[in-house]
Amino acid sequence: MGVLERVSEPRDLRGLSTAELDSLAAEIRDLIVRTVSRTSGHLGPNLGVVELTLAVHRVFDSPRDPIVFDTGHQSYVHKLLTGRVERFGTIRSKDGLSGYPSQAESQHDWVENSHASTSLSYADGMAKAFAVRGEKERTAVAIIGDGALTGGMAWEALNNIAGGPQNGPDGRPLVMVVNDNGRSYSPTVGGLAQHLSGLRTDPRYEQALDLVKRTLNRTPLVGHVTYEALHGLKKGLKDLLAPQGMFEDLGLKYIGPIDGHDRDAVENALMQAKRFGGPVIVHCVTQKGHGYDVAVRDEVDHMHSPSAFDPLTGEPIGDPTRTLTHAFSDALLDAGRRRRDVVAVTAAMLCPTGMEPFAKAFPERCFDVGIAEQHAATSAAGMAMMGLHPVVAIYATFLNRAFDQVLMDCALHKTGVTFVLDRAGVTGTDGASHNGMWDMSILQVVPGLRLAAPRDADQLAELFAEALDVSDAPTVVRFPGKEPADVGIDALERLGTADVLARAQTPDVLLVAVGGLAGAGVDAARRIQAQGVGVTVVDPRWVKPIDKALIELAGEHRLVVTAEDGCRVGGVGSVLAQELRDHNVDVPVHNFGIPARFLDHGKRAGILDELGLTGQGLAREISGLVAALESDSSLASSETV
Ligand SMILES: Cc1ncc(C[n+]2csc(CCOP(=O)(O)OP(=O)(O)O)c2C)c(N)n1
Ligand SMILES: CC(=O)[C@@H](O)[C@H](O)COP(=O)(O)O
Ligand SMILES: [Mg+2]
């Protein structure tokens, strides 16, 4: 029987010997590699936190002491230590375990939002609540990566925490574990990263680690006094170490750097921090992918989130497909060659957004700002003001962070910034917070902004080039990046800015199929036309503003149906309905899209099927609407938004 089988909750860890804990760490790594090689998911980040997570669960008493994982992609080890070994093989699949912490799964999971840099704020709030409620024995614990620490929210939290009571009667116990592996996907960038790296790469670091570790092991745990002793020791180490006073200068207690794979050392440091009774940073140095050579050697991203692979070699399984991300990558490189004013901005996602070829060709024109979508947007506005055309490529869901910056800093100032939103629409396996389903709704209210949704690689290249020609307003190009680049649908004609993909013999239904749903729209039309109903299918290409030609075309049909891979509330369909009313075009409109709810994780295709956003699903709905139109005249005045 393995050790892992004997652990069903964190308290089971406490009675284990050192040898058993070592075996446990090896078993956990083995299970994670074997499982993720099949399911896909976050590999490198989890392999890097095995010892750290064991130490956290041995020192703190979860769930009484809440443990908040920043971003949450590194919580697999935590799942295995909190009673989820048997279901681990189902991770990221429909009805299986989530790839992030999940309140529905366990009382040990508090925060399930996968948007980065929030953990310090959550933990700060929890610590404040414990103080107000007089629950003095509870400690809030945040585990935050060096990448997540580059995000603005983390800095806002640090500032607030540093200004609050430290220890003593008013102290708010809060332990902030910095999991510093030097990487986001790529190496983490910025002044803070350089500061942390100064500690890690100093040749005297090993010496210092030894000294800190020996001293911690010798020191009895007597709370504040011990902390001060340790603190004094660290001050004494200043000659040995690179300057590390940044957190201290802010007024925050700091312990580190600790070797994050030395479980004893991490436990000791955490105990010191816990006993302090106020906010303390514990800086642990880890290696992304630790214990699995293939991941450690992977220089691109230490197998951050691979798709299925051969566990022996790390080689991906299945043929590589050319995706829309590749198409954007080529289009950006091409734009860079044609125009010297084109610059690229990434928020710590150079490779997954396809910017790497541009960065290699034009390093001086590519800027990684860290996990800082807000800063990316406003800094891009500044560049545009001074004559450049920035391209900010981020995942659609992360644009939510920068809404105010797009609205006020880019649009109000009429700056020519192009936002490229990858992973738009249903992303699926990464769960509720990763779906790119909000952009087409929230951006509708931004004056002057133009929004394009290409259906394939050719359209992506065309629309991206058109977007780059707009210099007096922000533009957005959004697409489901992991989908195949070519869907094999040619336009019959261009109508205004829209493409007509199918023409009805009799103008019964106008089906407006947005971007990623163009294929489903054409498929639906084929199915319905077989029943003798005429369907015109249009891909609007530019979904904001809506072209006048589309409004006229709508007036020629008996029924308008819209389909979009975005939230149907406030989305393209609902705006089209509003425009039709404004132009006195009296035709019933039905909108299909993603409902305004958080979607459970599962495969994209399965979720689209459940939502009825497939050729078959749309055909079924439209047939029903046509039948009702024929038998129910009241339909003429109805509208579903
Ligand atoms: C707001 C936001 N932007 C971008 C991302 C995408 N993302 C997920 S993990 C990650 C890197 C995180 O680095 P770090 O916090 O150091 O964790 P590590 O993977 O190194 O353990 C990024 C950029 C995100 N989750 N949230
Ligand atoms: C945690 C996070 O935000 C990313 O790691 C994301 O899960 C990656 O998604 P892709 O695999 O689609 O690049
Ligand atoms: Mg990191």
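Even glycines carry a Cβ here, placed using N, Cα and C.
The structure displayed is predicted, hence computed values, not measured ones.
Listed features, source TrEMBL:
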| type | residues | note |
| --- | --- | --- |
| BINDING | HIS73, SER114, HIS115, ALA116, GLY147, ALA148, ASN181, TYR292, GLU373 | thiamine diphosphate binding site |
| BINDING | ASP146, ASN181 | Mg(2+) binding site |
| DOMAIN | 322-487 | domain 'Transketolase-like pyrimidine-binding' |
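Distribution of TrEMBL features across the structure.
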{"residue": "HIS73", "record": "thiamine diphosphate binding site", "Cβ neighbours (10 Å)": "23"}
{"residue": "HIS115", "record": "thiamine diphosphate binding site", "Cβ neighbours (10 Å)": "20"}
{"residue": "ASP146", "record": "Mg(2+) binding site", "Cβ neighbours (10 Å)": "25"}
{"residue": "GLY147", "record": "thiamine diphosphate binding site", "Cβ neighbours (10 Å)": "28"}
{"residue": "ASN181", "record": "thiamine diphosphate binding site", "Cβ neighbours (10 Å)": "26"}
{"residue": "GLU373", "record": "thiamine diphosphate binding site", "Cβ neighbours (10 Å)": "27"}
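Averaged across the domain 'Transketolase-like pyrimidine-binding' (322-487), pLDDT for the predicted model comes to 98. For the pair formed by ASN181 (thiamine diphosphate binding site) and ASP146 (Mg(2+) binding site), distance between Cα atoms is given as 7 Å, rounded to the nearest Å. The binding-site residues near ligand 2, defined by a Cβ under 6 Å from one of its atoms, are HIS73, chosen from HIS73, HIS115, ASP146, GLY147, ASN181, GLU373. Taking only the Cα positions, the spacing between HIS73 (thiamine diphosphate binding site) and ASP146 (Mg(2+) binding site) is 14 angstrom. GLU373 (thiamine diphosphate binding site) is 16 Å away from ASP146 (Mg(2+) binding site) when you measure Cα to Cα. Proximity of the binding-site residues HIS73, HIS115, ASP146, GLY147, ASN181, GLU373 to ligand 3, judged by a Cβ distance under 6 angstroms to any of its atoms, singles out ASP146, GLY147, ASN181 in sequence order. GLU373 (thiamine diphosphate binding site) falls within a helical segment according to DSSP.
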